[in-house]
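Now, the feature entries from Swiss-Prot:
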type: MOD_RES; residues: S2; note: phosphoserine
type: MOD_RES; residues: S148; note: phosphoserine
type: MOD_RES; residues: S322; note: phosphoserine
type: REGION; residues: 1-173; note: region 'Essential for lipid droplet targeting'
type: REGION; residues: 1-108; note: region 'Interaction with LIPE'
type: REGION; residues: 185-463; note: region 'Interaction with PNPLA2 and ABHD5'
type: REGION; residues: 444-463; note: region 'Recruits mitochondria at the lipid droplet surface'
Amino acid sequence: MSEEEAAQIPRSSVWEQDQQNVVQRVVALPLVRATCTAVCDVYSAAKDRHPLLGSACRLAENCVCGLTTRALDHAQPLLEHLQPQLATMNSLACRGLDKLEEKLPFLQQPSETVVTSAKDVVASSVTGVVDLARRGRRWSVELKRSVSHAVDVVLEKSEELVDHFLPMTEEELAALAAEAEGPEVGSVEDQRRQQGYFVRLGSLSARIRHLAYEHSVGKLRQSKHRAQDTLAQLQETLELIDHMQCGVTPTAPACPGKVHELWGEWGQRPPESRRRSQAELETLVLSRSLTQELQGTVEALESSVRGLPAGAQEKVAEVRRSVDALQTAFADARCFRDVPAAALAEGRGRVAHAHACVDELLELVVQAVPLPWLVGPFAPILVERPEPLPDLADLVDEVIGGPDPRWAHLDWPAQQRAWEAEHRDGSGNGDGDRMGVAGDICEQEPETPSCPVKHTLMPELDF
């Protein structure tokens, strides 16, 4: 044997040992070995179960073995020539296998263990996702419950505030009493809980609108009574001045009021201290005080009718002009001689006219159809009334009270007709001088400064 052949035998054996070591390491891996065993078992079982398939597989095995043997025989010279390169590749493959075994520990485990571990990981992941979904569902349920409770609290508090600031009317109390008489009717709180949020909110808005409308009309009627009370006292004061100007000894008014108090003070004074100038001055001071009080009432009426029809605003403007004319007539007077007779007659007519205008003002407001405050999905039961309630004025009178009976003796319609006839004909029963002075006062009557009107739905709701 030559030296070259002797040298090649050891190198060939070393390469085969290294190659065998690499192959053995790969095959010896538990995962690979278990997988190959499982595949072989399935393959053998398939061949035994199907004879035709088994014959074909055995034939294919023989062919593959023959082809592999021949290929190795022909490739042997090439493999011997590439032995150094193959050895290097084998070494690199071994290093890569070592690193792979470190990074993938499951390669050292059988396939059953790997499959079981994978199942456990998947099951734990699915369980985590399911738990997260359950927590999210539980959180959404709690959030819904919290929102529902918050809405209930807000609605209940709103209903309590409405009941406190806008008490129930007689109609609502009668309806509740009729419902309470039924054998199977629950309480008001139970009925409210059974209703939906939108229905409760719509009912609340309709109730607020109805109660606030009645409340606002009641306040307007109260202002009307206050204004008419002041006008009645002012009318008696003007009559007192007229009687004293004509030289007629006036009698004490039978009705209580500021004029009655003034006469009571005069009656309690001793005769020597009753000076006519002092009485005249106090009467004029009383007239100016009543006029200023009337101006404040008119300002309240003006703020209440902003945004209402032009007819209501015009009535208040007429009252304002009458009050301003009275204020101008009595502004500089220190005694009865400073008040012209024509101005006094004109003032009495203006007071009567203002009284009638205040009466007509409330009638216009009561007859006006109120606009709905809330429309859309949050007001499912709001329906605009085609006409106002027929007994609304009577219901308001029950709360506010009717006209003051102290001034029932004043014939306001007759005084109003006399004032209108005097202005229509241009001449009255008095002398021409009185009418001339009255005409001058009318011409010099200051105009009410115009101010921008703020239009609102229900401006009288300033409570």
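Heads up, the Cβ atoms here are built off N, Cα and C, so glycines get one too.
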(request) Pop the mean pLDDT for the region 'Interaction with LIPE' (1-108) in here, whole number is fine. (result) 72
(message) Which one is it: of the modified residues S148, S322, which Cβ has the fewest other Cβ atoms within 10 Å in this structure?
(response) S148
(message) Just to verify a number: CA distance, S322 (phosphoserine) to S148 (phosphoserine), in angstrom, no decimals.
(response) 58
